[in-house]
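Structure first, then comments.
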Amino acid sequence: MNISNSQVNRLRHFVRAGLRSLFRPEPQTAVEWADANYYLPKESAYQEGRWETLPFQRAIMNAMGSDYIREVNVVKSARVGYSKMLLGVYAYFIEHKQRNTLIWLPTDGDAENFMKTHVEPTIRDIPSLLALAPWYGKKHRDNTLTMKRFTNGRGFWCLGGKAAKNYREKSVDVAGYDELAAFDDDIEQEGSPTFLGDKRIEGSVWPKSIRGSTPKVRGTCQIERAASESPHFMRFHVACPHCGEEQYLKFGDKETPFGLKWTPDDPSSVFYLCEHNACVIRQQELDFTDARYICEKTGIWTRDGILWFSSSGEEIEPPDSVTFHIWTAYSPFTTWVQIVKDWMKTKGDTGKRKTFVNTTLGETWEAKIGERPDAEVMAERKEHYSAPVPDRVAYLTAGIDSQLDRYEMRVWGWGPGEESWLIDRQIIMGRHDDEQTLLRVDEAINKTYTRRNGAEMSISRICWDTGGIDPTIVYERSKKHGLFRVIPIKGASVYGKPVASMPRKRNKNGVYLTEIGTDTAKEQIYNRFTLTPEGDEPLPGAVHFPNNPDIFDLTEAQQLTAEEQVEKWVDGRKKILWDSKKRRNEALDCFVYALAALRISISRWQLDLSALLASLQEEDGAATNKKTLADYARALSGEDE
């Protein structure tokens, strides 16, 4: 029988294809596979190159890849490589173990970005994965923004976590959640994300659920809840290089006799004080090679996530569910000096302190519920201003609160370190939709204020509340005064949300409608009320009030302190909310909006208050100053864009 070469080649191809399904590579752990195959792409890594598992990552990755551990929770800070670990383990599951995998991120946008900047470059840069993706770089039904289907028959899905439909229909072996704390508590009233998502793995022979996140607020944080449901909470213990005693690294504080310590105002002096024998440990002295994770509840431990031991040292079966905690102090991607610098920047700013606790320490933030500031005490904190605009003020912003029968505006001046001065109070009575009322608001917006040297300053940016009235009124005024100068806003009472989240694009009405994190702003403002400057010395974050009853009086102080934090049950969960108890709070709202205007200037136009003030102080002559200040106002309000 004659067989052509082409027929032989086709036969060889089909035989190989048939035998390929029978081939099983030599078993590898997740770490072994990642160290041999994983590559960090330039699009999503600080440093492109071959992956090398760090000591504190070893047990976490092997636990993620283990068939014997069903649930893995990772409570972590930033800069510990969690997303990279997760993606490396997913590649291991797809190529080595041939499992169907699914990962959820908080929103559809997050999922699309993760697929574009992390997943697709990873497929490109790992040869064994690329060999399973003949569709790479092409339009193909197996290559979409939500799904990749490989030639070994395995699928990978990457979906947003907001919609309940994204938790249906898929049947997978591995379910993962990145930044779980940012997910909604209740997905369209159908349940928690992990409850819905883990239903997708119930039919698997080797079900796996991986949850990881930087934590948020204590009592309402989903990664905290997931961790509390696990019987094992593991912390990374390292031996003291001097006395040999094991301990996990703690940040500590002034009262604790161990942890990170440094000379005041000198971050470079930082060292770690051993909790056992008060040994002084420098960062470069620690050796994590033989460090191990120890459960603070049961005492079980592991070095590599494969072999597990009881507190007495006897080998035991791997746990069904386990939680790991890891934070920045262990990371080679930062220094203890930088950690201390970051801590020092949080002084006087609760929002920054919360961010530090969450993203540097990897701990939940415990919101403090306290009494309101005393309005009568605050009303006595009046100061004599040397001019309508005090010398240390570099920039003016305003907040406008909308009511049906009036508009209220407060003008605030800002100096280095966000030190602030109340400059003006304007209450414009009249129907909110009457043009004559709005013309008087226009006059208030365009009012100028004088410095001691005679230079006049205009309000650089204004945030105008759209709540409670027809928002198109504010939209039209934004277009009239400049889209970047007058910014329509809406409040978002979500704990931890940034003070201002200005969109990059205009909405369908042609304006930059901006969400304001009112809870975050109020907490920062209340914390700043506690700062008391000494004499005329600068104090970052301090708040100043003028000895002028037209601008500041007891009524103003009462409105600034009208709200308090209370615990309320919302949808079956306890939450901490700001409540005015029906007290008037327009002054506080205006302060929030003025702070938001400042933050927009800093984040969008890189406003540097220190540099701007230095430039203003160098100017001589009123005429020169007027011209220069007008230029500053135009540039910093975005009119030159």
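Placed from the backbone N, Cα and C atoms, the Cβ positions cover glycine too.
The motif 'Q motif' annotation in Swiss-Prot covers 42-51. If you look at the motif 'Q motif' (42-51), the same-chain residues 6 or more away from its ends with a CB under 8 A from one of its CBs are 34-35, 84, 88, 117-118, 121-122, 333.
Residues or ranges marked as site 'ATP-binding' by Swiss-Prot on the basis of experimental evidence: Tyr46. Long-range Cβ proximity for Tyr46 (site 'ATP-binding'), meaning a same-chain Cβ under 8 A and a gap of 6 or more residues, is found for Phe333. Secondary structure at Tyr46 (site 'ATP-binding'), taken from DSSP and collapsed to helix, strand or coil, is coil.
What Swiss-Prot lists as motif 'Walker A motif' is 76-83, and the listing cites experimental evidence. For the motif 'Walker A motif' (76-83), the residues of the chain that approach it from at least six positions outside its boundaries are 54, 56-57, 114, 118, 178, 212-214, 324-328, 330-331, 333-334, 358-362, judged by C-beta separation under 8 angstroms.
If you look up Swiss-Prot, you'll see 166-349 (among others) marked as region 'DNA packaging/ATPase', on the strength of a curator's inference.
Summarising the annotation, Swiss-Prot assigns region 'DNA packaging/ATPase' to 166-353 (among others) and lists sequence analysis as the type of evidence.
Mean pLDDT, taken over the motif 'Walker B motif' (174-179), works out to 97 on the 0 to 100 scale. Annotated motif 'Walker B motif' per Swiss-Prot: 174-179, in sequence order, evidence recorded as experimental evidence.
Secondary structure at Ser493 (ATP binding site), taken from DSSP and collapsed to helix, strand or coil, is coil. Of all Cβ atoms in the shown protein chains, 14 besides its own fall within 10 Å of the Cβ of Ser493 (ATP binding site). The annotation ATP binding site is assigned in Swiss-Prot to Gly491, Ala492, Ser493, Val494, Tyr495, Gly496, Lys497, Pro498.
Feature annotation from Swiss-Prot assigns region 'Basic' to 573-584; the stated evidence is experimental evidence.
Under 8 Å from some Cβ of the motif 'Walker B motif' (174-179) lie the Cβ atoms of residues 82-83, 86, 90, 93, 99-106, 110, 114, 161, 193-194, 197-198, 200-201, 208-214, all in the same chain and six or more residues away from its ends. Around Ala492 (ATP binding site), the C-beta neighbours below 8 angstroms that are at least 6 residues distant in the chain are Ser501, Glu515, Ile516, Gly517, Thr518.
In the three-state DSSP assignment, the secondary structure recorded for Pro498 (ATP binding site) is coil. Sequence-distant neighbours of Pro498 (ATP binding site) (same chain, 6+ residues apart, CB-CB distance under 8 A): Gly517, Thr520, Arg599.
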